[in-house]
Amino acid sequence: MKAIGHKRCSPCSSFRLFSSSVQWISPLHYQSRNSPRPDAPIEIDGTAEKVPRKRKYISHESAVNLIKREKDAQRALEIFNKVSDQKGFNHNNSTYAVLLHRLAVCKKFETVDAVIHQMKYETCKFHEGIFTNLMKHYSKSSLHEKVLEMFDAILPIVREKPSLNAISTCLNLLVEAKQIELAKEFLLNVQKHLDLKPNTCTFNILVKYHCRKGDVEAAFVVVEEMRKSRVSHPNLITYSTLMDGLCRCGRLQDAIDLFEKMLAKDQIPPDALTYNILINAFCRAGKVDRARKIIEFMRKNGCQPNIVNYTALMNGFCKEGRVGDAKEVFHEMKGVGLTPDVVGYTTLINSFCRAGKIDEGIELLEEMKDKGCKADDVTIKVLLGGLCRASRSSEAFDMLERLPYDGVHLSKESYRIVLNFLCKERELEKVMDLLGLMLARRFVPHFATSNELLVQLCEAGKAADAALALFGLLEMGFKPEPQTWSMLIDVICRERKLLPAFQLLDELVLQ
């Protein structure tokens with residue numbers, strides 16, 4: 001077994017393996033100059049005698065554990081190559097699987113390609129689980145064509161036709177990613193070459209596929225084929241998917257009829273997820289009181305509402321502007337022993353902010369901190385927007401300044417919410433303070449906002465501030481519009497500050 005990247009692979013594959021900006025170097029290619037030299041021979045009675053040093057043999061199980069514990073992809077590859085240098089050692093499915101998983105987690109996809117190329121020359125037995133795992137990693141990275149490539153690699157490398165599980169995994173990933181055309185192409189290919197005989201899981205994915213397309217009638221045709229197949233039968237997932245499809249098409253009454261049919265004909269008890277489809281549908285239709293009755297119906301029928309159900313109902317009340325009812329649901333949720341999550345808290349905070357009750361929203365944020373529920377960027381953006389709408393921009397600025405030290409990650413959108421408000425209100429001193437904070441933390445305002453800010457400073461006759469802001473923005477890669485350049489130079493010249501004007505002209509030439 002040769003190390004990955006040796007001449008046993010084609011020159012193309014070797015290049016692909018190590019073609020990243022930082023070259024991947026196999027430990028079998030080079031030895032560090034600082035590597036310790038072997039011990040000098042021991043002299044006995046004037047004659048040198050070599051003392052053999054026995055190296056510990058690394059088994060497959062040990063190799064798997066070593067690679068699994070290694071978080072760095074390059075080190076994982078070095079371990080993989082190093083153990084293959086042992087006499088009599090050949091990699092197997094487990095060592096390849098753990099290496100590919102580590103590379104995929106680190107998004108070293110070019111290296112993944114080279115490792116898969118090497119697998120074609122191996123004699124050991126591979127399992128398709130390696131490829132279904134890679135499909136999921138590629139899907140997370142929105143590399144949907146690569147999902148299909150991993151499926152196609154199963155037959156030549158595993159040397160068996162893909163199982164129904166592999167087919168279902170690939171199809172589901174494409175449907176979940178809303179890659180409907182790729183899913184259609186995949187289905188046609190599978191039916192043509194693999195003699196597909198769907199099971200319940202595959203039928204359910206097909207139902208979801210048609211519902212995502214908005215073709216609910218085609219989904220019902222699949223359900224009829226499902227019944228005729230005699231090997232599968234509609235289950236809770238089938239019904240839930242159909243109900244969701246009907247609700248999204250505005251056919252709420254049909255969804256309710258289907259729900260009743262599921263209970264009466266197939267005697268399938270609904271779960272919290274199925275109920276939530278109806279709760280969300282009623283809320284979208286502006287029928288929040290009927291959504292609340294579903295919560296009561298759940299309790300009476302032995303299905304305890306969960307956090308998702310309560311949060312969906314709270315969101316419905318919030319959209320209707322019924323803050324009191326939303327707050328009541330929140331306390332009811334806590335009363336039955338459920339701990340609100342960040343989505344639940346954010347939903348109610350948003351309701352308070354929209355109603356102008358900013359202080360209550362801030363109190364909830366403090367409660368989140370006390371309960372160990374970490375606020376996310378969405379929570380903070382909701383509060384910042386509320387503070388700005390209430391003309392409490394100083395508090396919003398203080399929050400931006402303080403929260404990163406409390407361990408809260410802020411995105412550029414959080415800063416932009418406050419900056420846009422300050423520009424709109426022409427609070428230029430605060431604008432300059434916030435701009436300085438943003439640039440110090442490597443955040444850049446939106447292009448239009450940056451130009452607007454510079455124009456406002458020029459119009460206010462603040463030439464020094466305008467020049468300072470511009471130079472800070474230029475360092476971050478910002479390029480003002482020609483009109484903004486002209487206005488800046490004009491303002492600086494009118495104030496007889498020629499040196500800054502020349503500096504600006506130099507920057508203009510460099511741009």
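Each Cβ is built from the backbone N, Cα and C atoms, and glycine gets one as well.
Remember, it's a predicted structure, so these values are computed and weren't measured experimentally.
Sequence-distant neighbours of the repeat 'PPR' (199-233) (same chain, 6+ residues past either end, Cβ-Cβ under 8 Å): 164-165, 167-168, 171-172, 175, 178, 180, 183, 187, 241-242, 244-246, 248-249, 251, 266. The annotation repeat 'PPR' is assigned in TrEMBL to 199-233 (among others).
For 235-269 (among others), the entry in TrEMBL reads repeat 'PPR'. Helix, strand and coil counts from DSSP across the repeat 'PPR' (235-269) read 26 helix, 0 strand, 9 coil.
Mapped onto DSSP classes, the repeat 'PPR' (271-305) shows 26 helix, 0 strand, 9 coil. Residues annotated as repeat 'PPR' in TrEMBL: 271-305 (among others).
Per-residue confidence over the repeat 'PPR' (306-340) averages 94 (mean pLDDT, predicted model). Taken from TrEMBL, the feature repeat 'PPR' applies to 306-340 (among others).
Tertiary neighbourhood of the repeat 'PPR' (341-375): same-chain residues 307, 310-311, 314-315, 317-318, 321, 323, 326-327, 330, 333, 382-383, 385-387, 389-390, 392, 406-408, selected by CB-CB distance under 8 Å and a gap of 6+ residues from either end. What TrEMBL lists as repeat 'PPR' is 341-375 (among others).
Annotated repeat 'PPR' per TrEMBL: 376-410 (among others), in sequence order. Nonlocal intrachain contacts for the repeat 'PPR' (376-410), taken as residues 6+ away from its ends with a CB within less than 8 angstroms of a stretch CB, comprise 342, 345-346, 349-350, 352-354, 356, 358, 361-362, 365, 368-369, 417-418, 421-422, 425, 427, 430, 433-434, 437, 441.
What TrEMBL lists as repeat 'PPR' is 411-445 (among others). With a cut-off of 8 Å between Cβ atoms, the residues of this chain six or more beyond the repeat 'PPR' (411-445) that come close are 377, 380-381, 384-385, 388, 391, 393-394, 396-397, 400-401, 404, 452-453, 456-457, 460, 462, 465, 468-469, 472-473, 475-478.
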Other parts of the chain folded back onto the repeat 'PPR' (271-305), taken as Cβ under 8 Å at six or more residues beyond its ends: 236, 239-240, 243-244, 247, 252, 255-256, 259, 312-313, 315-317, 319-320, 322, 325, 329, 336
Cβ-Cβ under 8 Å with the repeat 'PPR' (306-340): same-chain residues at least 6 beyond its ends: 272-273, 275-276, 279-280, 282-283, 286, 288, 291-292, 295, 298, 347-348, 350-352, 354-355, 357, 371, 373
The repeat 'PPR' (376-410) - residue tally per DSSP class, helix then strand then coil: 27 helix, 0 strand, 8 coil
